[in-house]
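**Q** If you look up TrEMBL, you'll see 20-44 marked as region 'Disordered'. Look at TrEMBL and you will find 79-112, 122-163, 171-205, 254-290 tagged as repeat 'WD'.
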């Protein structure tokens with residue numbers, strides 16, 4: 001079954017209890033009362049990712065990175081150092097390290113409990129960095145750019161330990177396969193690639209789609225990946241489920257958006273819930289899909 005969830009909002013405001021100076025969240029006031037917090041960013045938010053069960057990290061056009069509480073809505077930390085818009089943020093789940101990519105062609109690493117400046121700097125791309133994926137132990141980082149390259153970095157030293165270039169491979173997104181040395185990458189050349197991070201070589205390329213692939217995600221069990229397509233006027237704009245382990249082929253498509261599908265994600269699976277995915281689109285909707293029936297159940 002597919003469900004559509006209203007209009008996407010262009011601005012987010014945080015409402016909840018006031019946090020103390022040291023960053024701990026205060027107690028709620030009188031019943032029904034809440035205190036309004038300043039927005040995490042002063043311009044459009046460009047990326048958001050989970051950091052810990054109760055924290056998320058976001059990046060914005062204001063060149064900053066913010067860590068906010070899911071529960072209270074408070075922006076607990078703010079990091080600055082990029083010279084241009086932040087394009088992507090990520091972290092290894094339950095790690096204290098946060099990573100951000102930017103139009104300034106660099107990636108930076110931030111410590112959740114460190115200073116407001118970066119703890120590591122990763123320069124080396126020639127154009128805007130558009131893909132960012134960190135290994136589960138946060139020791140390695142893969143980045144991708146519109147300069148047609150994918151790079152691998154040692155997060156401790158900041159050293160670039162691998163670089164691979166493919167003609168016309170304008171990277172749109174990267175994500176790490178849980179428990180595996182593989183990284184999924186989508187591209188403006190309409191393909192989705194599987195990279196082996198050990199040698200930084202392409203292990204598999206899925207059949208090209210009809211439109212630019214805008215985003216990708218991997219299921220927690222590492223068995224499937226999703227990619228989403230650009231589109232307009234009802235053409236394209238689908239999300240595609242790919243098998244990573246057996247056939248390495250297309251499993252099904254999720255069709256219903258009428259404009260570019262900008263992001264796709266596997267939803268956490270509850271004990272009584274069927275596997276589901278969510279997609280968002282330039283058509284101002286978010287759709288929820290049954291993973292197994294592609295919304296046709």
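Each residue, glycine too, has its Cβ placed from N, Cα and C.
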**Q** Report the listed stretch (79-112, 122-163, 254-290) having the maximum count of Cβ pairs within less than 8 Å of the repeat 'WD' (171-205).
**A** 122-163
**Q** Can you work out which residues elsewhere in the same chain, 6+ from the ends of the repeat 'WD' (122-163), have a Cβ less than 8 Å from its Cβ atoms?
**A** 87-93, 95, 97, 99-103, 105-109, 169-176, 178-179, 183, 185, 195, 197, 199-200
**Q** Count up the helix, strand and coil residues in the repeat 'WD' (79-112) according to DSSP, in that order.
**A** 0 helix, 20 strand, 14 coil
**Q** What is the number of residues in the repeat 'WD' (122-163) that are helix, strand and coil, as DSSP sees it?
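**A** So the repeat 'WD' (122-163) is made up of 0 helix, 24 strand, 18 coil.
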**Q** Looking at the repeat 'WD' (171-205) alone, can you tell me the average pLDDT?
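**A** Per the prediction, mean pLDDT sits at 97 for the repeat 'WD' (171-205).
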